[in-house]
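One structure below.
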Amino acid sequence: MKNPVRVAVTGAAGQIGYSLLFRIASGSMLGQDQPVILQLLEVTPALKALSGVVMELQDGAFPLLAGVVTTDDPMVAFKDADYALLVGAMPRKAGMERGDLLSANGGIFKPQGEALSEVASRNVKVLVVGNPANTNALIAQQNAPKLDPKQFTAMVRLDHNRALSQLSAKTGKPVGSIKKMTIWGNHSSTQYPDLSQTTVDGTPALELVDQAWYESDFIPTVAKRGAAIIEARGSSSAASAASAAVDHMRDWALGTAEGDWVSMGIPSDGSYGVPEGLIYGFPVTVKNGEYSIVQGLDISEFSRGRMDATAHELEEERAAVRELGLVK
Ligand SMILES: NC(=O)c1ccc[n+]([C@@H]2O[C@H](COP(=O)([O-])OP(=O)(O)OC[C@H]3O[C@@H](n4cnc5c(N)ncnc54)[C@H](O)[C@@H]3O)[C@@H](O)[C@H]2O)c1
Ligand SMILES: O=C(O)C[C@H](O)C(=O)O
């Protein structure tokens, strides 16, 4: 058995937390040989509810759960954290875009970035889930001068998983037969779920579906799935979001499968003409805990337009949070 690692989760008493904590404690995220200490952050009024969640974690009798800390202080929650999942933020309601949450949620991620910079493990891997996830990740990153910018990522994995499942339903082939799915850009309705490299049982996906379905059905269904769930459920996705967070962190920690890739929101290094510094969804492979952007893909004119549009939205979000004094 390995030594325990410290996993910080913010917003731990919320909807996503209620699903996420139990998956982490069960070993789904970091493996069946990796004990974990959960360090849970909540706002002060939610600490009582969080104590109930901790009672349930105890009642799960998870062999890999080596300890639980609860606190309303980010300096305690992030102390020596090896992994940090920043979930705590307000979710949107029906009729809102995720960008409408910028001013409400942006303020949460500056102090959290500062605290991570001071007290987290120097190798901490940070995943931002709270919306608007890409720009919140940028805020946390820009306020963490003592960490490498590459340590900050945003979640587009839920979109990636939604895209896999839509294509699986359309082609009648299992999700496991689909490789090389990509979500480019922002976790918002401008995202670009790209099938141009995707294969199903080795056959190019675009040979199996027609362009009209791809453009008018697949892309909008994936991009607007969050809103469809809010409409149906009355609140935003939670279990599927937690599952995607587990997938993102597992692949970052343990690596991606040979011959495949995953989508992660990561700081752009200028690859594919994406403005440097934006936290943008890219196709990545992971080895030894380090992610790399998949290089050398052909970008069609159609793809170029979509990739630029979602980059443009992220540039606007960056300008808005600059205006609020949250990033330089
Ligand atoms: N990136 C994605 O794919 C994705 C998917 C689903 C949801 N989300 C987003 O995740 C966020 C959380 O969703 P939820 O459904 O769990 O919401 P929720 O309202 O059920 O829970 C959020 C929790 O965060 C806590 N919180 C608020 N401010 C905090 C702070 N400063 N520090 C610590 N905790 C704080 C709240 O007290 C609450 O318990 C939302 O912004 C939502 O839009 C993102
Ligand atoms: O859509 C939302 O606001 C929640 C989440 O980001 C989702 O994609 O389900």
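Indices start at 1 and increase along the chain as displayed.
Using the three backbone atoms N, Cα and C, a Cβ is placed for every residue, glycine included.
Annotation source TrEMBL lists domain 'Lactate/malate dehydrogenase N-terminal' at 5-148.
Positions annotated as NAD(+) binding site by TrEMBL: G11, A12, A13, G14, Q15, I16, G17, N105, Q112, V129, G130, N131. Taken residue by residue with DSSP, N131 (substrate binding site) is part of neither helix nor strand, so it is coil.
Secondary structure from DSSP puts R162 (substrate binding site) in a helix. What TrEMBL lists as substrate binding site is R92, R98, N131, R162.
According to TrEMBL, the domain 'Lactate/malate dehydrogenase C-terminal' annotation covers 157-319.
A sphere of 10 angstroms centred on the C-beta of H187 (active site, proton acceptor) encloses 28 other C-beta atoms. According to TrEMBL, the feature active site, proton acceptor maps to H187.
Break the domain 'Lactate/malate dehydrogenase N-terminal' (5-148) down by DSSP state and the numbers are 63 helix, 27 strand, 54 coil. The binding-site residues recorded for this entry are G11, A13, Q112, and the Cα of G11 lies nearest to that of R98 (substrate binding site). Highlighted here are the recorded positions (A13, Q15, Q112, N131, R162, H187) whose C-beta falls below 6 Å from ligand 1: A13, Q15, N131, H187, in sequence order. Residue density at R162 (substrate binding site): 23 other Cβ atoms are found within 10 A of its Cβ, drawing on all protein chains shown. Note: the Cα of Q15 (NAD(+) binding site) and the Cα of R92 (substrate binding site) are spaced 13 Å from each other. Close contacts with ligand 2, defined as a Cβ under 6 Å from any of its atoms, occur at R98, N131 among the binding-site residues A13, Q15, R98, N131.
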